[in-house]
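Taken straight from TrEMBL:
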- 13-262: domain 'G-protein coupled receptors family 1 profile' (DOMAIN)
- 6-23: transmembrane segment (TRANSMEM)
- 113-130: transmembrane segment (TRANSMEM)
- 169-193: transmembrane segment (TRANSMEM)
- 213-233: transmembrane segment (TRANSMEM)
- 245-264: transmembrane segment (TRANSMEM)
Amino acid sequence: MLFLMFYLFNLSGNLCIVLLITIDPSLYKPMYFFLGNLSFLDIFYSTTTVPKMLSGLLIGDKKISIVGCVAQLHFFHFLGSTEALLLTSMSYDRYVAICNPLRYHVLMGKTSCVQLASGCWLIGFLYSLLQTILTFRLPYCNRKQVTHFYCDIKPVIKLACANIKHIKLLVSGIFGLVAVSTFSMIIMSYMYIGSHLLNIRSRQDRWKAFSTCTSHITIVFLYIGTALCMYLGPTTQNSLEQDRMSAILVTVITPAVNPLIYTLRNKEVKKSLQRLL
């Protein structure tokens, strides 16, 4: 019932943000364009795993078909990697807004935002497609019990009848390349932002500029930090148990908390919500 509550809060909160950004002209800005993409993505990201998990917990339906397992793994990594890339685009948006404010509307025009968002979705799809193909090309034995509440790469390849040492290294390497590169670009953006803020003499102006980044920083450490711990660690029984706990944070709690973080810390979103109500 607790997970169901989080899931319903995720659906209602993120749908509300998508609705606000769609109908309120005051939110027709690059930052909110990416936030709308993020909220839209969070709805489907949770829906990939949570309803099936709830059916297992509430009515005991723990079976999933092979096709369902392939689809679940693919969409989980497609939407998850796209979210990491969108968070990277949002950090670039904050960098331009704070460090190059006079060129902001040129660098972050409508065409640039659409191209950035489309690139995130396309790269996420191709990355997930590659991971799915590598995972399901392996030969599988009669062992059919996935030690997880959804089909993920590490517990699925553990069921293979072949030597999985090299495929594990390859899968981890591809994930590491995407995760570490996105995280590094976000850190680099904030290093430039930090050095720029140090040159601002007024403490009030400095805090005002930095406050536009706090919601994004919180989501980055909640999401990408947890994902790095899940997929770059060793595959042991203890690590799989930790992965399940981390997966609950990433798929159930973080998508439900995202709308709360952005609405509580963002005056424009709160004003738009008040006007809507």
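Even glycines carry a Cβ here, placed using N, Cα and C.
Whatever TrEMBL says is automated annotation, not expert-curated.
Model, not experiment: these values are computed from the prediction.
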Interface-richest range of 6-23, 113-130, 169-193 toward the transmembrane segment (245-264), CB pairs under 8 Å: 6-23
Same-chain residues at least 6 beyond the ends of the transmembrane segment (6-23) whose Cβ lies under 8 Å from its Cβ atoms: 32-33, 35-36, 39-40, 42-43, 46, 50-51, 54, 252-253, 255-256, 258-260, 262-263, 269, 272-273, 276
